[in-house]
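Before any comments, here is the structure.
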Amino acid sequence: MGNGESQLSSVPAQKLGWFIQEYLKPYEECQTLIDEMVNTICDVLQEPEQFPLVQGVAIGGSYGRKTVLRGNSDGTLVLFFSDLKQFQDQKRSQRDILDKTGDKLKFCLFTKWLKNNFEIQKSLDGFTIQVFTKNQRISFEVLAAFNALSLNDNPSPWIYRELKRSLDKTNASPGEFAVCFTELQQKFFDNRPGKLKDLILLIKHWHQQCQKKIKDLPSLSPYALELLTVYAWEQGCRKDNFDIAEGVRTVLELIKCQEKLCIYWMVNYNFEDETIRNILLHQLQSARPVILDPVDPTNNVSGDKICWQWLKKEAQTWLTSPNLDNELPAPSWNVLPAPLFTTPGHLLDKFIKEFLQPNKCFLEQIDSAVNIIRTFLKENCFRQSTAKIQIVRGGSTAKGTALKTGSDADLVVFHNSLKSYTSQKNERHKIVKEIHEQLKAFWREKEEELEVSFEPPKWKAPRVLSFSLKSKVLNESVSFDVLPAFNALGQLSSGSTPSPEVYAGLIDLYKSSDLPGGEFSTCFTVLQRNFIRSRPTKLKDLIRLVKHWYKECERKLKPKGSLPPKYALELLTIYAWEQGSGVPDFDTAEGFRTVLELVTQYQQLCIFWKVNYNFEDETVRKFLLSQLQKTRPVILDPAEPTGDVGGGDRWCWHLLAKEAKEWLSSPCFKDGTGNPIPPWKVPTMQTPGSCGARIHPIVNEMFSSRSHRILNNNSKRNF
């Protein structure tokens, strides 16, 4: 293979794609010949007159998953025999029937003119078939199995219950019957993009090079690394076309975190069935690393810890090699080594600190990026005009709820040419266009220092300019949304509330037009920001946790429907805390559970605040009463009353509620001794006569026993 045998660390990052094509992928003509031979073998094995007991053939291993490396590779041929009627039948020796099958197959293949391209060799358990061309050899292990799926494409919960019963009855090892689900393994990989399989080839080749260094090292299943690579791509990218080097760095970083790795899928099984749920919870609480086979929940394919520890050192070596670490920042995908679902309740604070809280350096980087754009807007963008602007920072970094994984910033530009809500609607696209043109010119002047990538607008008359910024002083790219807006609040002094006239004008416009609620929420960015920024640190951490949960749900549910906005979940979290706790130090698991319980009760939710508007002004009062009579859920934006982020039937709350219900069985809601963690007692509905959100709930009615303990620890605090 020539240069293919050289150290991968010597291959430049930008050449990795070329390296895969040049040295790792099988030659096309060889692959075609191998495919033809394998198809012939499968056809022969399914000839009833020759092999009457064979009900079907499944192809597995690297060949079945289409992750074959050039040269020597592996595969499995799984023969479903009619006399294997249940899982435990596989515990009987299949040596005799496989011997006879191998002998007859050898004779049949000789008559098919394949004698120069295959070898059948006896083994302890049966036989292997080697299929080869000049430059490619695949060694297939032939296995006998019970056809667990029969004619079904998808496994039922019943089949996994039977699997567990059979394992217990026969004292078989977990995963021993995974071969019965070979077709599902193939299906799991079938719909993956070609470039992801290229990345898998690269990781497998690297692993082979590592193994050559220490031959006595316990071997790690290539399947485990394939699944790890799929997980990295699913969690961090999901694009058909991506940068191979970014994928490599991500997989290597995950290998470095092997003592935290916990990976599973719910494509063939989930937590709904009690037996399967118990299997999963047991597996997910096992010692790390855990990588569950997506087709068999009893099969942890992670293997021996020793090989992971050694692989960790090799991963660090490649990561820090000059060719892979050739640019700053060296980009990778943001992927956590373990899902939130598996984290016990008493460790949620640690999870937030390790994986969700941005560090000081991250926040300083965001501030630096914001200062670059803020300076551009103030000093460069409008210098050819008489325009006056005021810039307000919004978004999660301004609120204090930013996540570690994702650098973004919102800048609202109050432009003096926008003198009303209507002028904002009609004229803002011109300001967006001007900022776009001026930023492009600014970038051309600073090309050696800055890199700007613009996102295409979502609307014909754009209301926001979205772009990402890279700089020599930034460790990573920062995404920006710049939004022109009418300064509806004027010079609002700190601590004061807007006059009712501000809202009356907005309400009149909303009622006399077909504009959606919240259309002018950018005008009230300061109020939205202050509403959250002033909250206790631990509450903002709970918001981070809920946002992370939402992102996990969004990744899974987005293809099924439009989910409610993240802001709705932020407000729901604040409401849960106000009504159920109200103290700066509280039990995070209790708070998290309360939010999810409220999500499951979305059809009853009616939530509002009286911090910026209330029922005293007649116009506002009538409008609020009409808003509160809308289809549930109703969650009014505390900054402006036309924004109902609950939205009634507008969004697919039912999808989120179903997910929340499944999550209630998570270890997140068990304490250190395994006892269930209760939610706070929180009403789902407020009425105009209720106390609102500024008065803390009555302690005896609203606090759980665990919260009482926390409250006692904070007895010096005045309520």
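Residue numbering: from 1, along the chain as shown.
Every residue gets a Cβ built from N, Cα and C, even glycine.
As given in Swiss-Prot:
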type	residues	note
LIPID	Gly2	N-myristoyl glycine
REGION	11-335	region 'OAS domain 1'
REGION	343-683	region 'OAS domain 2'
MOD_RES	Lys378	N6-acetyllysine
BINDING	Ser396, Arg544, Lys547	ATP binding site
BINDING	Asp408, Asp410, Asp481	Mg(2+) binding site
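Here the features listed in Swiss-Prot are placed on the structure.
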| residue | record | Cβ contacts under 8 Å, 6 or more apart |
| --- | --- | --- |
| Lys378 | N6-acetyllysine | Ile389, Ile391 |
| Ser396 | ATP binding site | Ala402, Leu403, Asp408, Lys547 |
| Asp410 | Mg(2+) binding site | Arg393, Gly394, Gly395, Ala398, Phe480, Asp481, Val482, Leu483, Thr525 |
| Arg544 | ATP binding site | Ile352, Leu356, Gln357, Thr401, Ala402, Leu403 |
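Within 10 Å of the Cβ of Asp408 (Mg(2+) binding site) there are 17 other Cβ atoms, across all protein chains. One way to see the shell of the ATP site is to take the Cβ centroid of Ser396, Arg544, Lys547; the remaining same-chain residues with a Cβ within 8 Å of it are Leu356, Thr401, Ala402, Leu403, Lys540, Ile543, Val546, His548, Lys566, Glu570. All protein chains considered, the CB of Lys547 (ATP binding site) has 21 other CB atoms within 10 Å. In sequence order, Gly394, Gly395, Ala409, Leu411, Ser466, Ser479, Phe480 are the residues of the same chain, not among Asp408, Asp410, Asp481, whose CB sits within 8 A of the CB centroid for the Mg(2+) site. Largest Cα-Cα distance over the residues recorded as binding ATP, namely Ser396, Arg544, Lys547, equals 10 Å. Taking all protein chains in view, 18 other C-beta atoms sit within 10 angstroms of the C-beta of Asp481 (Mg(2+) binding site). Mean model confidence of the region 'OAS domain 2' (343-683) amounts to 93 (pLDDT, 0 to 100 scale).
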